[in-house]
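Participant: Sharing the features that TrEMBL gives for it:
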- A:55-96: repeat 'WD' (REPEAT)
- A:96-137: repeat 'WD' (REPEAT)
- A:139-180: repeat 'WD' (REPEAT)
- A:262-303: repeat 'WD' (REPEAT)
């Protein structure tokens with residue numbers, strides 16, 4: 001029997017949520033970090049949305065946030081011209097990396113030894129976290145503010161998307177451009193899937209999938225509204241997208257068919273990401289909330305519990321709906 | 001007409017009084033190494049750690065005593081953006097995130113009651 005999706009709303013932020021990221025799966029589950037214009041990024045338990053802590057220290061809107069695979073380190077990019085590295089267990093600030101302009105994006109290498117940053121000063125920087133006082137390696141070339149910079153190809157290359165309507169692939173050692181994609185409009189988001197080397201790019205109403213190594217186009221899908229962010233399921237059977245019309249869309253990746261759309265947010269959706277186990281996806285909105293959505297509605301997982309109203313469950317007791 | 005999916009409870013929200021990262025959580029206990037550790041390598045280490053802890057306690061106690069001494073006194077706050085304001089200090093919250101003050105003298109008038117964001121304060125001074 002088909003069940004209706006009940007999203008879980010995570011409140012706490014007081015301004016729009018502009019970025020979110022999941023950690024890998026750790027012995028303590030997986031975690032979620034949210035970047036918010038209120039300057040206070042939050043760490044949450046990934047499968048329940050329970051708040052764990054708030055990283056305090058930034059003096060401006062936080063535009064980007066990320067966790068390392070083990071969820072032991074967090075990094076944030078903010079409008080106060082700094083990127084910060086945090087201990088994600090204690091919540092303590094570990095490093096402040098001063099920049100010359102608003103920082104928009106942060107990304108750890110697989111071994112968490114280096115941090116990639118990008119922002120309004122149009123320069124990609126690579127910091128060695130173990131030698132923070134050393135000058136970062138700089139990669140220039142973009143002619144407008146960088147929106148997102150991500151490690152790819154086993155941390156040997158870098159993918160960057162900027163307001164100059166290009167996505168560029170750089171070699172880390174030579175800092176030269178390997179390949180470039182040009183668009184008619186600014187790219188709104190970018191997601192890199194290492195397993196299978198897939199790059200998910202959104203622009204206008206389009207969700208596009210590229211081979212991350214060759215930057216060859218795999219396919220594009222058009223949505224009913226302007227899309228701000230999309231995410232591909234780890235098994236590559238679904239992808240989800242959200243944008244200007246406040247809705248979340250779920251598509252079949254192979255057939256490009258729109259499977260479901262969900263209302264719930266009270267503002268445009270700025271970011272959406274699948275959890276590392278693919279069981280749920282999280283969305284962040286202009287309305288200041290994060291929402292968790294089940295991939296398979298009806299499955300018992302996290303805080304969702306499948307209760308069939310007709311049946312008598314658990315020694316004949318009647319269940320109450322708890323919403 | 002589909003039945004909505006049931007939930008056990010809503011996700012827990014932030015604690016208004018603290019920044020979280022519960023030190024009693026299994027993850028914290030397992031992963032967090034502090035400067036004060038119960039198992040030390042050498043005697044020198046344990047002496048150094050003991051000294052450090054004494055210094056920390058002393059500094060923390062002095063700071064808390066200054067907060068007590070400041071209560072109901074006129075305090076000058078020097079803040080970012082070259083802001084300098086006077087106010088009567090009331091209290092601090094437990095994480096020293098906000099100071100509750102009265103009669104805050106601002107360029108646009110006197111605010112009877114106000115909260116000052118501690119992260120915006122560079123220094124404050126008062127007469128004993």
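Every residue gets a Cβ built from N, Cα and C, even glycine.
Give me the local environment of each listed feature.
Facilitator: Residue counts for the repeat 'WD' (A:55-96) by DSSP state, with H, G and I taken as helix and E and B as strand, are 0 helix, 22 strand, 20 coil.
Among residues of the same chain six or more beyond the repeat 'WD' (A:96-137), those with a C-beta under 8 A of the stretch's C-beta atoms are 57, 60, 63-70, 72-73, 75-79, 81-85, 143-151, 154-155, 158, 160, 162, 170, 172, 175.
Mean predicted confidence for the repeat 'WD' (A:139-180): the pLDDT average there is 96.
For the repeat 'WD' (A:262-303), same-chain residues at least 6 beyond its ends with a Cβ under 8 Å from one of its own Cβ atoms are 1-11, 13-25, 30, 32, 34-36, 38, 44, 46-49, 189, 191, 228-235, 238, 240-250.
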Participant: Determine which residues of the chain contact the repeat 'WD' (A:139-180) at the Cβ level, with the cut-off under 8 Å and only residues 6 or more beyond its ends counted.
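Facilitator: For the repeat 'WD' (A:139-180), the nonlocal Cβ contacts are 64, 102, 104-105, 107-111, 114, 116-126, 186-190, 192, 194, 197, 199, 201, 212-215.
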Participant: Counting each residue once, how many in the repeat 'WD' (A:139-180) are helix, strand and coil under DSSP?
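Facilitator: Tallying H, G and I as helix, E and B as strand, the rest coil: 0 helix, 24 strand, 18 coil.
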